[in-house]
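Read the structure below first, then the notes.
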């Protein structure tokens, strides 16, 4: 296997780093993700307007900041999901019925995108080995098959005690 692409943390652009580490190259910029976020914001605004532009809900919605991005460079899971669709990839949330019905064994998969304490990162299988490609690390961190399931379970368990929560999604090809 050639070298492993590992984009390190810059500002609060963890979603960009997460996607680029997943895809193993510099495929997304902050401008790309901002464009997707603005498109999602516009779609949400149009849906809210269907209920009446004079409604209290619509006026309240317009006063709220975007739920898809913020000024620090944080992007929502919807932005990440839409960015991956360009590549024929789909996110399946860990806690969704679809994920549970698939009875996924993490070791047999290719990648996971995780969010812990407002930080997006990728766990990815490259060749026959798993790597933690968290942009906060100095480089890729090898994860054994045994540790992978434990690592993901530990992240899920911490949602019970953490206010900010944990989101994880399995990445699947269409």
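Glycine is treated like the rest: Cβ placed from N, Cα and C.
Quick caveat, the model's predicted, so the values are computed rather than measured.
Positions annotated as active site, nucleophile by TrEMBL: 14. Neighbour density for residue 14 (active site, nucleophile): within 10 A of its CB lie 24 other CB atoms from the protein chains shown.
Annotation source TrEMBL lists active site at 14 (among others).
For 119, the entry in TrEMBL reads active site, proton acceptor. Spatially close to residue 119 (active site, proton acceptor) yet at least six residues away along the chain are 14, 134, 136, judged by Cβ distances under 8 angstroms.
The annotation active site is assigned in TrEMBL to 119 (among others).
Annotated active site per TrEMBL: 134 (among others), in sequence order.
Marked as domain 'Josephin' by TrEMBL: 1-174.
Counting Cβ atoms from all protein chains shown, residue 134 (active site) has 22 others lying within 10 Å of its own Cβ.
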